[in-house]
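Take a look at this one; I'll ask things after.
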Amino acid sequence: MGYVDQSAMYNSYQPSLYVDHAEMEPFYGQEQLSYAVPQPFTTEQFKVPRPQVRMFGQERLDVQTLPPPHMSPSIALNNQDMMLDMQEMHEGAVLLNIKTRFQRELIYTYIGSILVSVNPYRMYNIYGTDMVLLYKGHALGENPPNKLNALTNSLFIIPKVLFCFFYLLFSGESGSGKTEATKLVLRYLAAIQHTSNIAQQVCTSPLMESFGNAKTVRNDNSSRFGKYIEVFLEKFFNSYLLEKSRIVFQAKDERNYHIFYEMLAGLPSQQKRAFYLQDAETYYYLNQGGDCGITGKNDAEDYRRLVAAMEILHFAAEDQASIFRVLASILHLGNIFFQRHEVCIWFVILFDVVSPLCALACFFGFRDAVAKILYSLLFHWLTEKINSQVYPHQHTLSISILDIYGFEDLTFNSFEQLCINYANEYLQFFFNRIIFREEQEEYSREQVLWQDIPFSDNQPCIDLVAAKPHGILRILDDQSCFPQATDHTFLQKCHYHHVHNPLYIKPKMPTPEFGIKHYAGRVTYQVCFHVIFVHLHNYFQDSIKF
Ligand SMILES: Nc1ncnc2c1ncn2[C@@H]1O[C@H](COP(=O)(O)OP(=O)(O)OP(=O)(O)O)[C@@H](O)[C@H]1O
């Protein structure tokens, strides 16, 4: 799902397409962007964007100027629910169809079993009970795709028949609407599956969002962890890939995880005093991004919702107090500063750090590593706790929903972006395998006549990042075992092993960076991985138990 969704990239033609984010900016400017659920839509407020098309690796094209010579007037004038029904299928036609539908407030379009969604940043009145009833029990394509219900429902019917497991995969760049789509699907499932404990299902989302979401420059409520939800008769979360760097560092205009600000805004003053807590602006771990508030978000109100959710999920008062105590200690930890004369010999000896200059940096690294581990253990404990409440005792049929954060190319890309983009690269690989490779293999097996559909196989990129023994992440792993290793030695090893790989870009100047040609575009990664801290992190991860 993307701006126009990344699914729009999933076409058989190269180069791929997407509608440029920046061009939509005036459409959803800050004043119109509401933090959680946008206000009801009115036609007067609706500004139609002029989507632009980017062909990867080529210059930009405007939808208006895309060559329409082969486009029949019917395509230009009508809109097609199901893109496969279009008589003429090419990039211009696909985009024009999506745009025409978007202007008519139709944000969902089918491409076979794929649902393309354009984020309207306005809540349309299409998610009510009447719609649930309209879609319930109907197969994909029987109703217009004006809801995610159709797709969800098709999965929901099939498992009952086939007794196997099905997946919904949300994909798209940051801010495209994956998390909202996940929630809509869950709400739909909760509405049609009365055996579930609906109160618990609804409550887990705000809880997980407080601890796992944060404001970024792209999305005020960006998920900074991957979520894998299995809907049995109950809901089961499996979370991973929590963005740990955010706990100790935030870029300009970004925030730490919502929970810290919500806690400081909403905690009763007596409890706040007991934890020696002050306002958010006074904490180094919370004030690096600048503004500690988000327009349209009431942190105190969200704190109250969070506590209510904890009550419904049977969190004991003692557990709740412990959670806030751990959060408070992370904030206090962040305000500890070291000066050079305080360098301790034991630390230098313990980690075999030879240079005293390096030791000071190590103290900060040590402090940050402990903070990150504390938070990630708390987060892990929380998901375990939620799962123990809602996980089914016996396995039944399930629908799995995966919602991870989208592909990122920021001004400064580091280790976290490498992990995020690798995960997205892998999802693209998975998609290619299902849609192209396995389908074509089946045609061959059944000797069905078919025309070879070329697609860009991204296996080489996955190998570059992670294959044994010299994938970039493997090199990082190896290097983190050596206390003497540095970012420089790591980078030299990457250059040495991959300089001839066409997907790897070695900078012309001796700058501490490397580039990768991903399926969605080139990304330059600044090597500020702090290899030594990865070593420290591994050390403390093993030492601290919750
Ligand atoms: N279907 C929708 N209708 C109306 N507004 C939406 C819809 N989907 C998303 N939005 C708006 O877009 C914002 C960003 O969406 P969301 O958080 O789901 O993006 P995301 O793809 O999960 O981003 P990230 O990868 O950063 O987590 C939401 O806060 C909401 O305001």
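Any Cβ shown, glycine's included, is placed from N, Cα and C.
What TrEMBL shows for this protein is this:
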{"type": "BINDING", "residues": "Gly172, Glu173, Ser174, Gly175, Ser176, Gly177, Lys178, Thr179", "note": "ATP binding site"}
{"type": "DOMAIN", "residues": "78-546", "note": "domain 'Myosin motor'"}
{"type": "TRANSMEM", "residues": "106-124", "note": "transmembrane segment"}
{"type": "TRANSMEM", "residues": "150-170", "note": "transmembrane segment"}
{"type": "TRANSMEM", "residues": "343-366", "note": "transmembrane segment"}
So which of the binding-site residues Glu173, Ser174, Gly175, Ser176, Lys178, Thr179 sit close to ligand 1, that is, with a CB under 6 Å from an atom of it?
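Correct list: Ser174, Gly175, Ser176, Lys178, Thr179.
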Can you tell me how many other Cβ atoms are located within 10 Å of the Cβ belonging to Gly175 (ATP binding site)?
24
Output the one of Ser174, Ser176, Thr179 that, of all these binding-site residues, has the highest number of other Cβ atoms within 10 Å of its Cβ.
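Per the Cβ count within 10 Å, the most buried is Ser176.
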Among the binding-site residues listed here, Gly172, Gly177, whose Cβ has the fewest other Cβ atoms inside 10 Å?
Gly177
Average the per-residue pLDDT over the domain 'Myosin motor' (78-546) and send me the rounded value.
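On average, pLDDT over the domain 'Myosin motor' (78-546) sits at 78.
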Where among the binding-site residues Glu173, Lys178 do you find the Cβ with the fewest other Cβ atoms within 10 Å?
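Comparing Cβ neighbours within 10 Å for the binding-site residues Glu173, Lys178, Glu173 has the fewest.
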